[in-house]
Amino acid sequence: MSDLPSDFANELSALTREYLRSLPTDHLQFCANYFQKRLQSQRAEFVLAQQLSSTNAGAMATTNFPGSNPFGSSPSNTAMHALQEEDETDQMTSPTASFPSNYNLNRRTSVSAESLNPTSAQNDNWAPPFHQKTADQWSRLKTAVSGNFLFAPLDDDQSTAVLGALQEKPIPAKDIKVISQGDVGDFFYVVENGSFDIYVNPSGKIASGPDGLGSKVGNVGPGGSFGELALMYNAPRAATVVSTERSTLWALDRVTFRRILMDSAFQRRRMYEGFLEEVPLLTSLTPYERSKIADALETRRYPAGTTIIKEGDVGEAFFILESGDAEVFKRGTEQPVNRYKKGDYFGELALLNDKPRAASVVSKTEVKVATLGKDGFQRLLGPVEGIMRRNDPSKASVESVDPLAS
Amino acid sequence: MPSLGFLKKKRTKDSSGSAKDFESPTSPTITKEPSQLSQPRSNPDALSNPATSTTASASAVTSDTNNSTAAQQNTAEPMNTAATPQQQPQTYSSPEASQQQNQPSIQNVINPPNNDSGYRATPARDGDAMQISPPPQVQARVTKGKYSLVDFQIQRTLGTGSFGRVHLVQSKHNQRFYAVKVLKKAQVVKMKQVEHTNDERRMLGRVKHPFLITLWGTFQDSKNLYMVMDFVEGGELFSLLRKSQRFPNPVAKFYAAEVTLALDYLHSMDIIYRDLKPENLLLDRHGHLKITDFGFAKEVPDITWTLCGTPDYLAPEVVASKGYNKSVDWWSLGILIFEMLCGFTPFWDGGSPMKIYENILKGRVKYPPYIHHDALDLLQKLITHDLTQRLGNLHGGSKDVMNHPWFAEVTWERLMKKDIDAPYVPPVRAGVGDASQFDKYPEETEAYGQTGDDPHERLFGDF
């Protein structure tokens, strides 16, 4: 979805803000003055930036901070400019980042989706709605959302649930407003067939009158989509979308989308925590520690026939098999010595020592594993030796013994 | 970089004699009898005895109405130290007493005589009292809180949000200034923020820390929720930052350090804050920070799911709807430090939130050349996707952040005591309701204190 140049929209919202701040009586004079000033400062900034970059100092590396150095050894009122010099000339990272043009200097509004708790925690039996689609429709929908970062991380199950929840919405005629700029947004749409024009009114919302829609900024046709921000939280619609002919849409609402994501993430997490409880090496972890490990587990996929760990290598990570099958091989034997299925874990001794892997694990099917390296594990929970010592009384520290104990 | 930390005697803590009157925390409503001041804590079930509370309220009202100077000598505990508001003297718990007392006073003070049925609001100028007049026969409906609308004279707006605004108010009992956050119930419900709003009150009620705002009490009428908090006079750090473009390294460090102490405290109570940004950091009259707006604060021992915060400041695991833990606050601290040092946020992109989120998920940050190398190192360890790398989330907890080289000059114990001079002292006149550091906003046009149907009454029982 394209829209009005953001530079322009930003200027207008800055003007609106200034206007609200001063509530002038003479509107036109105020706006004229404002833009005159704005133009001057923008041109001045540009010139300054040119000068600075030509002298190889970082553009916009200036500060007008009116105070003093809180950590100054001399009494306060040290000039901050002098301070600048001392502090900031001693290093140079690559001078790639500079002040973004048209950065929004206004206050930023907080956003929030509705509070959701995982279904399984409440024991209600929510299941996502499912709407039948033809094979063609499935593949078209898959393609349509493939470029969207909200859909990219979905696994197959999630993707099936989300696409299944998309509901057909016929638009019977032209000139029907599917979404109106400024309205609350609860749905995301994919165009199945037909065509829609996109309009943006610079005031931020649709107005009455012939030009109320604002100006046309684009068009979406089959395979296109719009309204994706509504899948994250309820924000006012940024544009108005109007049908130009009889059309069909697929619609998905935020709560359904988020519940699907949350429920599957929650179930996966419970599975992780369940696994972690079973690993003998980790039984002494507190629930909080297990939760931290579960947060940090990283999902990886391997095609069939991949050697996940190799006998003789130094072990650096442990693995939980989330889906698929794997086989364990030892040197000198043709047949697998063991098989792993969903819920099994391996490689956990790597957390304890640097001994070479005692066997190889090879994926038999496509597999998904959750993994965490020894380094990461130790950064999160501290040295493994300490954790191991917890449930081994022979290694309890001497200082903790009661002097009267025999 | 000079190695520092030998700090001279500081004036910034609240200990000097003359200023004390304005410095010490003081409840907006005050009971005259000393016995009642000690009573709440020693006699927590005073409220459950109707006779006791009625007596207390009657005498409180009398003394408040007639004698404000004597009352100023007393101090009271904010609600957070008293655990629940019920342990405070209940000022208006008796319906009859409040009826009798409220009616005349609200008419006298909030309702200007020249206005009959409607209400009007004029933009406040230079701290003039607001002229929002309620419809006739208005009376604040008092539920559980110890305060009510009649205890305050409402003045200008200090800030606005999606479902409410914050007013400067003056207590009619002790003439001190407070900030009252007013939330429209209908809007809270419409935006599906009931749970967050109740959490906000609950979390604020639990905390007490030098760098966190104090909540004195709450109340409600048929339309609005009210939260009485300290008026923090120096304005938003946001305004100072925008005026300065960016902060010099030590200045950013000072503010970041105070925020770090506050986060350390909140996390130690299993409270996740979730909305760190310069807009939510206020400067007190000495230039020390107070974190305000607990709208997304929540008790989270392990993991939580709701997408909330401010787009530029959201951690990737929040954007990706994965479930997340307290470490999102450390990510946001990284963004805050970046913004203080640079004047802009690292993932901002042409004003489109979806682009910001894509950038957050990609996670590539361009660091400007003027960032100090210690700061750069800290930022890289805060603004990281890898939870096994993110400082604050590791074995050492928040101590890892505090022990980072960038903070080497910070003497944390002294900072906690406000024993380190703030880099900037806002030019405010103390204790007189000087709101000059706050931007101006269009004023509310709907009267406060309305009675009548309240379809949302059950949702906000804590207020």
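Placement of Cβ uses the backbone N, Cα and C atoms for every residue, glycine included.
Listed in TrEMBL for this protein:
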- A:Glu228, A:Arg237: 3',5'-cyclic AMP 1 binding site (BINDING)
- A:Glu348, A:Arg357: 3',5'-cyclic AMP 2 binding site (BINDING)
- A:91-104: compositional bias 'Polar residues' (COMPBIAS)
- A:150-278: domain 'Cyclic nucleotide-binding' (DOMAIN)
- A:281-391: domain 'Cyclic nucleotide-binding' (DOMAIN)
- A:85-104: region 'Disordered' (REGION)
> Quick one: DSSP breakdown of the domain 'Cyclic nucleotide-binding' (A:150-278) into helix, strand and coil?
Replying inline: 39 helix, 39 strand, 51 coil
> Helix, strand or coil: which one is A:Glu348 (3',5'-cyclic AMP 2 binding site) in, per DSSP?
Replying inline: helix
> Which ones, of the binding-site residues A:Glu228, A:Arg237, A:Glu348, A:Arg357, are Cβ-proximal to chain B (under 8 Å)?
Replying inline: A:Glu228
> For the binding-site residues A:Arg237, A:Arg357, which one has its C-beta crowded by the most other C-beta atoms within 10 angstroms?
Replying inline: A:Arg237
> Given A:Glu348 (3',5'-cyclic AMP 2 binding site) and A:Arg237 (3',5'-cyclic AMP 1 binding site), what distance in Å do their CA atoms have, once rounded to a whole number?
Replying inline: 49
>> Please report the Cα separation of A:Arg237 (3',5'-cyclic AMP 1 binding site) and A:Arg357 (3',5'-cyclic AMP 2 binding site) in Å, rounded to an integer.
In response: 55
>> Across the domain 'Cyclic nucleotide-binding' (A:281-391), what are the DSSP residue counts per state (helix, strand, coil)?
In response: 30 helix, 37 strand, 44 coil
> What is the interatomic distance between the Cα atoms of A:Glu228 (3',5'-cyclic AMP 1 binding site) and A:Arg357 (3',5'-cyclic AMP 2 binding site), given in whole Å?
Replying inline: 47
> When you measure from the Cβ of A:Glu228 (3',5'-cyclic AMP 1 binding site), how many other Cβ atoms are you left with inside 10 Å?
Replying inline: 20
>> With every protein chain in view, what's the tally of Cβ atoms within 10 Å of the Cβ of A:Glu348 (3',5'-cyclic AMP 2 binding site), excluding that atom itself?
In response: 19
> If you average pLDDT over the domain 'Cyclic nucleotide-binding' (A:281-391), what do you get?
Replying inline: 90
